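Below is one structure; the comments refer to it alone.
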Amino acid sequence: ASPVCVPTVPVANATITPGPLSHQVHTGDPLTLRCSVQVGSAPVTFTWLHNGQELAQGPVLELGHVDVGHSGTYQCMATNELGQDGHRVFRALSPELALEVTPGSPRVTAARKPQDRTPPEEGAVLDPHVVGTERAGVRLVLEVLVWPLLEGDTVTLRCRGWQNMSVTQMQFYHENEEVSRSPNRTELSLSPLQLKNSGQYRCRGWLKTGESWQWQQSAPVNVTVHVPMANATITPDPLSHQVHTGDPVTLHCSVQVGSAPVTFTWLHNGQEVAQGPVLELGDPMWDIVQSPTVAAGVVGSLLFLALLMGIIVAFYWWHRRDARKHQK
(Lines of atoms letter the chains of each structure in order from A and count residues from 1; the text may use other names and numbers.)
(Lines give C-alpha, C1' and ligand atoms only; values in the text may rest on other atoms or scores of the structure.)
Protein backbone atom coordinates (compact mmCIF):
# COMPACT_ATOMS: atom_id res chain seq x y z
CA ALA A 1 0.00 0.00 0.00
CA SER A 2 1.15 3.54 -0.74
CA PRO A 3 2.05 5.82 2.17
CA VAL A 4 -0.65 8.32 3.10
CA CYS A 5 -0.10 11.72 4.71
CA VAL A 6 -2.72 12.73 7.28
CA PRO A 7 -2.70 16.28 8.75
CA THR A 8 -3.33 16.41 12.49
CA VAL A 9 -6.18 18.40 14.02
CA PRO A 10 -5.67 21.53 16.15
CA VAL A 11 -8.22 22.31 18.86
CA ALA A 12 -11.22 24.41 17.84
CA ASN A 13 -14.51 25.75 19.22
CA ALA A 14 -14.04 25.54 22.98
CA THR A 15 -17.32 25.90 24.88
CA ILE A 16 -18.40 26.00 28.53
CA THR A 17 -21.42 24.07 29.78
CA PRO A 18 -22.68 25.00 33.27
CA GLY A 19 -24.26 22.42 35.54
CA PRO A 20 -27.05 22.74 36.43
CA LEU A 21 -28.03 23.99 32.96
CA SER A 22 -30.28 26.69 34.42
CA HIS A 23 -29.03 30.23 33.88
CA GLN A 24 -30.01 31.08 37.45
CA VAL A 25 -28.45 29.76 40.64
CA HIS A 26 -28.94 30.82 44.21
CA THR A 27 -26.35 31.75 46.79
CA GLY A 28 -24.99 28.56 48.31
CA ASP A 29 -25.94 26.33 45.36
CA PRO A 30 -23.21 24.08 43.91
CA LEU A 31 -22.08 24.99 40.38
CA THR A 32 -19.94 22.98 37.98
CA LEU A 33 -18.50 24.24 34.70
CA ARG A 34 -17.39 21.83 31.98
CA CYS A 35 -15.14 22.73 29.06
CA SER A 36 -15.11 20.84 25.76
CA VAL A 37 -13.84 21.30 22.20
CA GLN A 38 -15.61 20.48 18.94
CA VAL A 39 -12.45 19.05 17.33
CA GLY A 40 -8.82 18.53 18.35
CA SER A 41 -6.23 15.77 18.38
CA ALA A 42 -5.48 14.33 21.83
CA PRO A 43 -4.03 15.09 24.26
CA VAL A 44 -5.90 18.33 24.97
CA THR A 45 -5.25 20.36 28.14
CA PHE A 46 -7.72 22.82 29.65
CA THR A 47 -7.00 26.00 31.62
CA TRP A 48 -9.71 28.00 33.43
CA LEU A 49 -9.63 31.80 33.61
CA HIS A 50 -11.58 33.94 36.08
CA ASN A 51 -11.65 37.62 35.14
CA GLY A 52 -8.69 36.93 32.84
CA GLN A 53 -6.56 35.29 35.55
CA GLU A 54 -5.61 31.62 35.54
CA LEU A 55 -7.69 29.76 38.09
CA ALA A 56 -7.44 25.99 37.58
CA GLN A 57 -6.51 23.15 35.21
CA GLY A 58 -8.66 20.35 33.80
CA PRO A 59 -11.89 20.00 31.79
CA VAL A 60 -14.14 20.40 34.88
CA LEU A 61 -14.23 23.36 37.28
CA GLU A 62 -16.04 22.73 40.57
CA LEU A 63 -17.06 26.07 42.08
CA GLY A 64 -18.73 24.46 45.07
CA HIS A 65 -21.30 26.62 46.84
CA VAL A 66 -21.32 29.94 45.01
CA ASP A 67 -21.19 33.27 46.78
CA VAL A 68 -20.54 36.89 45.84
CA GLY A 69 -16.80 36.17 45.50
CA HIS A 70 -17.50 33.88 42.53
CA SER A 71 -18.93 36.74 40.46
CA GLY A 72 -17.12 37.64 37.26
CA THR A 73 -16.38 36.20 33.85
CA TYR A 74 -15.17 32.65 33.23
CA GLN A 75 -13.41 31.27 30.18
CA CYS A 76 -11.63 28.04 29.38
CA MET A 77 -8.62 27.75 27.10
CA ALA A 78 -8.03 24.43 25.32
CA THR A 79 -4.50 23.63 24.13
CA ASN A 80 -2.90 20.83 22.14
CA GLU A 81 0.64 20.37 20.86
CA LEU A 82 1.10 18.92 17.38
CA GLY A 83 3.96 18.04 15.11
CA GLN A 84 7.16 16.21 15.89
CA ASP A 85 8.22 16.83 19.50
CA GLY A 86 5.12 19.02 19.97
CA HIS A 87 6.78 22.08 18.46
CA ARG A 88 3.47 23.59 17.29
CA VAL A 89 1.03 24.77 19.97
CA PHE A 90 -2.61 25.54 19.18
CA ARG A 91 -5.11 27.24 21.52
CA ALA A 92 -8.85 27.83 21.44
CA LEU A 93 -10.49 30.26 23.86
CA SER A 94 -14.15 29.82 24.78
CA PRO A 95 -16.73 32.63 24.82
CA GLU A 96 -17.13 34.31 28.20
CA LEU A 97 -19.56 32.95 30.76
CA ALA A 98 -20.64 35.80 33.06
CA LEU A 99 -21.54 34.84 36.63
CA GLU A 100 -23.21 37.46 38.80
CA VAL A 101 -24.03 36.51 42.37
CA THR A 102 -25.97 39.01 44.46
CA PRO A 103 -27.80 38.34 47.73
CA GLY A 104 -31.41 37.47 46.98
CA SER A 105 -31.23 37.40 43.17
CA PRO A 106 -28.14 35.61 41.93
CA ARG A 107 -27.96 34.68 38.27
CA VAL A 108 -25.61 33.20 35.69
CA THR A 109 -25.60 34.72 32.22
CA ALA A 110 -23.84 32.92 29.38
CA ALA A 111 -22.30 34.83 26.50
CA ARG A 112 -23.81 34.29 23.08
CA LYS A 113 -22.68 31.11 21.42
CA PRO A 114 -21.59 31.07 17.78
CA GLN A 115 -24.01 29.70 15.21
CA ASP A 116 -23.89 26.00 14.45
CA ARG A 117 -21.27 25.17 11.88
CA THR A 118 -19.55 22.13 10.49
CA PRO A 119 -16.15 21.23 11.94
CA PRO A 120 -13.19 22.73 10.06
CA GLU A 121 -11.19 20.58 7.68
CA GLU A 122 -8.52 18.50 9.37
CA GLY A 123 -5.33 20.49 9.56
CA ALA A 124 -7.07 23.85 9.24
CA VAL A 125 -4.95 26.48 10.93
CA LEU A 126 -6.76 27.72 13.98
CA ASP A 127 -6.12 30.93 15.85
CA PRO A 128 -7.53 31.99 19.23
CA HIS A 129 -9.56 35.17 18.72
CA VAL A 130 -9.68 36.89 22.09
CA VAL A 131 -12.46 39.19 23.20
CA GLY A 132 -11.44 42.85 23.32
CA THR A 133 -10.76 44.09 26.84
CA GLU A 134 -10.77 47.47 28.53
CA ARG A 135 -7.49 49.36 28.69
CA ALA A 136 -6.55 52.35 30.79
CA GLY A 137 -8.83 55.29 30.03
CA VAL A 138 -10.87 53.38 27.42
CA ARG A 139 -14.50 52.56 28.20
CA LEU A 140 -15.55 51.37 24.76
CA VAL A 141 -15.03 47.64 24.15
CA LEU A 142 -15.00 45.85 20.79
CA GLU A 143 -15.82 42.14 21.04
CA VAL A 144 -15.52 39.32 18.55
CA LEU A 145 -16.86 35.86 19.29
CA VAL A 146 -14.16 33.31 19.92
CA TRP A 147 -13.79 30.68 17.23
CA PRO A 148 -11.47 29.92 14.30
CA LEU A 149 -12.47 31.97 11.28
CA LEU A 150 -12.42 30.36 7.83
CA GLU A 151 -13.25 31.73 4.40
CA GLY A 152 -17.02 31.72 3.89
CA ASP A 153 -17.86 32.02 7.59
CA THR A 154 -19.88 34.80 9.21
CA VAL A 155 -18.56 36.79 12.16
CA THR A 156 -20.14 39.61 14.14
CA LEU A 157 -18.18 42.34 15.92
CA ARG A 158 -20.02 44.04 18.78
CA CYS A 159 -19.11 47.40 20.25
CA ARG A 160 -20.41 48.15 23.73
CA GLY A 161 -19.87 50.54 26.56
CA TRP A 162 -17.93 49.33 29.57
CA GLN A 163 -20.36 48.05 32.21
CA ASN A 164 -23.15 48.53 29.64
CA MET A 165 -22.84 52.32 29.41
CA SER A 166 -25.04 53.83 26.69
CA VAL A 167 -23.39 54.35 23.29
CA THR A 168 -24.57 56.05 20.09
CA GLN A 169 -23.32 57.21 16.66
CA MET A 170 -21.21 54.06 16.26
CA GLN A 171 -18.44 53.85 13.66
CA PHE A 172 -16.41 50.75 12.74
CA TYR A 173 -12.92 50.88 11.26
CA HIS A 174 -10.84 48.26 9.46
CA GLU A 175 -7.14 49.17 9.32
CA ASN A 176 -8.05 52.83 10.00
CA GLU A 177 -10.59 52.90 7.14
CA GLU A 178 -14.24 53.45 8.06
CA VAL A 179 -16.40 50.50 6.98
CA SER A 180 -19.69 51.20 8.79
CA ARG A 181 -21.54 54.07 10.47
CA SER A 182 -24.89 53.97 12.25
CA PRO A 183 -26.67 56.08 14.89
CA ASN A 184 -28.13 53.04 16.64
CA ARG A 185 -26.48 49.79 15.48
CA THR A 186 -23.65 48.51 17.69
CA GLU A 187 -22.74 45.44 15.61
CA LEU A 188 -20.79 44.87 12.41
CA SER A 189 -21.47 41.63 10.51
CA LEU A 190 -18.89 40.29 8.05
CA SER A 191 -20.33 37.68 5.68
CA PRO A 192 -19.09 35.77 3.81
CA LEU A 193 -15.58 36.17 5.19
CA GLN A 194 -12.72 36.65 2.74
CA LEU A 195 -8.97 36.86 3.27
CA LYS A 196 -9.15 40.63 2.74
CA ASN A 197 -11.27 40.88 5.92
CA SER A 198 -8.23 40.01 8.05
CA GLY A 199 -6.67 42.81 10.05
CA GLN A 200 -7.29 45.16 12.97
CA TYR A 201 -10.73 46.51 13.79
CA ARG A 202 -11.74 49.41 16.05
CA CYS A 203 -14.99 51.08 16.93
CA ARG A 204 -15.70 54.69 17.85
CA GLY A 205 -18.77 56.31 19.31
CA TRP A 206 -20.32 58.64 21.83
CA LEU A 207 -20.37 57.11 25.30
CA LYS A 208 -22.59 58.38 28.09
CA THR A 209 -20.71 58.84 31.36
CA GLY A 210 -22.93 60.24 34.06
CA GLU A 211 -24.79 63.22 32.62
CA SER A 212 -22.30 63.92 29.81
CA TRP A 213 -21.30 62.29 26.53
CA GLN A 214 -17.70 61.53 25.58
CA TRP A 215 -16.17 60.53 22.22
CA GLN A 216 -14.40 57.20 22.76
CA GLN A 217 -12.41 54.70 20.69
CA SER A 218 -11.97 51.02 21.54
CA ALA A 219 -8.73 49.09 21.71
CA PRO A 220 -7.98 47.21 18.46
CA VAL A 221 -9.11 43.62 17.93
CA ASN A 222 -7.35 41.34 15.44
CA VAL A 223 -9.42 39.28 13.02
CA THR A 224 -7.59 36.57 11.07
CA VAL A 225 -9.31 34.70 8.24
CA HIS A 226 -7.79 31.36 7.27
CA VAL A 227 -8.02 29.18 4.18
CA PRO A 228 -9.18 25.62 4.98
CA MET A 229 -6.67 22.96 4.03
CA ALA A 230 -7.68 20.72 1.10
CA ASN A 231 -6.40 18.22 -1.48
CA ALA A 232 -3.35 16.59 0.08
CA THR A 233 -1.24 14.83 -2.57
CA ILE A 234 1.96 12.76 -2.70
CA THR A 235 4.65 13.38 -5.32
CA PRO A 236 7.39 10.71 -5.67
CA ASP A 237 10.99 11.53 -6.58
CA PRO A 238 12.05 10.26 -9.08
CA LEU A 239 8.70 10.68 -10.87
CA SER A 240 8.93 7.21 -12.47
CA HIS A 241 6.63 4.56 -10.98
CA GLN A 242 9.47 2.04 -11.31
CA VAL A 243 12.63 2.12 -9.24
CA HIS A 244 15.51 -0.32 -9.08
CA THR A 245 16.93 -2.02 -6.03
CA GLY A 246 19.28 0.38 -4.30
CA ASP A 247 17.69 3.52 -5.77
CA PRO A 248 16.77 6.25 -3.25
CA VAL A 249 13.11 7.29 -3.19
CA THR A 250 11.74 10.54 -1.76
CA LEU A 251 8.03 11.27 -1.24
CA HIS A 252 6.75 14.84 -0.97
CA CYS A 253 3.36 15.66 0.60
CA SER A 254 1.65 18.94 -0.23
CA VAL A 255 -1.76 20.58 -0.03
CA GLN A 256 -3.41 22.56 -2.81
CA VAL A 257 -4.69 25.27 -0.46
CA GLY A 258 -4.42 25.95 3.26
CA SER A 259 -3.10 28.56 5.65
CA ALA A 260 0.23 27.82 7.32
CA PRO A 261 1.34 26.18 9.51
CA VAL A 262 0.29 22.70 8.31
CA THR A 263 1.69 19.54 9.91
CA PHE A 264 2.09 16.24 8.04
CA THR A 265 2.07 12.63 9.28
CA TRP A 266 3.15 9.70 7.08
CA LEU A 267 1.43 6.31 7.31
CA HIS A 268 2.78 3.01 5.92
CA ASN A 269 0.19 0.22 5.82
CA GLY A 270 -1.86 2.25 8.29
CA GLN A 271 1.01 2.72 10.78
CA GLU A 272 2.63 6.08 11.50
CA VAL A 273 6.22 6.11 10.25
CA ALA A 274 7.33 9.77 10.14
CA GLN A 275 6.44 13.44 10.49
CA GLY A 276 7.03 16.28 8.04
CA PRO A 277 6.27 17.08 4.39
CA VAL A 278 9.14 14.91 3.04
CA LEU A 279 9.66 11.17 3.53
CA GLU A 280 13.10 9.76 2.65
CA LEU A 281 12.84 6.02 1.96
CA GLY A 282 16.56 5.52 1.28
CA ASP A 283 17.22 1.99 -0.10
CA PRO A 284 13.81 0.59 -1.16
CA MET A 285 14.93 -3.05 -0.86
CA TRP A 286 16.16 -2.46 2.68
CA ASP A 287 12.87 -0.79 3.61
CA ILE A 288 10.98 -3.77 2.22
CA VAL A 289 13.16 -6.35 3.98
CA GLN A 290 12.54 -4.58 7.30
CA SER A 291 8.91 -5.75 7.12
CA PRO A 292 8.60 -8.93 9.28
CA THR A 293 6.37 -10.69 6.73
CA VAL A 294 8.56 -9.88 3.76
CA ALA A 295 11.72 -10.64 5.74
CA ALA A 296 10.44 -14.13 6.56
CA GLY A 297 9.73 -14.71 2.87
CA VAL A 298 13.21 -13.54 1.89
CA VAL A 299 14.85 -15.86 4.46
CA GLY A 300 12.76 -18.78 3.20
CA SER A 301 13.79 -18.09 -0.39
CA LEU A 302 17.47 -17.94 0.57
CA LEU A 303 17.23 -21.30 2.38
CA PHE A 304 15.57 -22.87 -0.68
CA LEU A 305 18.32 -21.54 -2.96
CA ALA A 306 21.01 -22.89 -0.62
CA LEU A 307 19.37 -26.33 -0.60
CA LEU A 308 19.06 -26.30 -4.39
CA MET A 309 22.73 -25.38 -4.81
CA GLY A 310 23.69 -28.22 -2.46
CA ILE A 311 21.74 -30.73 -4.55
CA ILE A 312 23.35 -29.46 -7.77
CA VAL A 313 26.88 -29.72 -6.32
CA ALA A 314 26.21 -33.21 -4.95
CA PHE A 315 24.83 -34.35 -8.32
CA TYR A 316 27.89 -32.91 -10.08
CA TRP A 317 30.39 -34.82 -7.86
CA TRP A 318 28.36 -38.01 -8.10
CA HIS A 319 28.34 -37.73 -11.91
CA ARG A 320 32.17 -37.23 -12.04
CA ARG A 321 32.76 -40.14 -9.72
CA ASP A 322 30.56 -42.42 -11.87
CA ALA A 323 32.41 -41.33 -15.03
CA ARG A 324 35.81 -42.26 -13.52
CA LYS A 325 34.57 -45.75 -12.69
CA HIS A 326 33.57 -46.33 -16.32
CA GLN A 327 37.01 -45.13 -17.53
CA LYS A 328 38.75 -47.73 -15.37
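Each residue, glycine too, has its Cβ placed from N, Cα and C.
Residues of the domain 'Ig-like' (7-94) grouped by DSSP class, helix first, strand second and coil last, total 6 helix, 52 strand, 30 coil. Annotated domain 'Ig-like' per TrEMBL: 7-94 (among others), in sequence order.
Note on the domain 'Ig-like' (128-204): mean pLDDT across this stretch is 79. The annotation domain 'Ig-like' is assigned in TrEMBL to 128-204 (among others).
Summarising the annotation, TrEMBL assigns domain 'Ig-like' to 228-272 (among others).
Per TrEMBL, region 'Disordered' is recorded for 104-125.
Residues or ranges marked as transmembrane segment in TrEMBL: 294-318.
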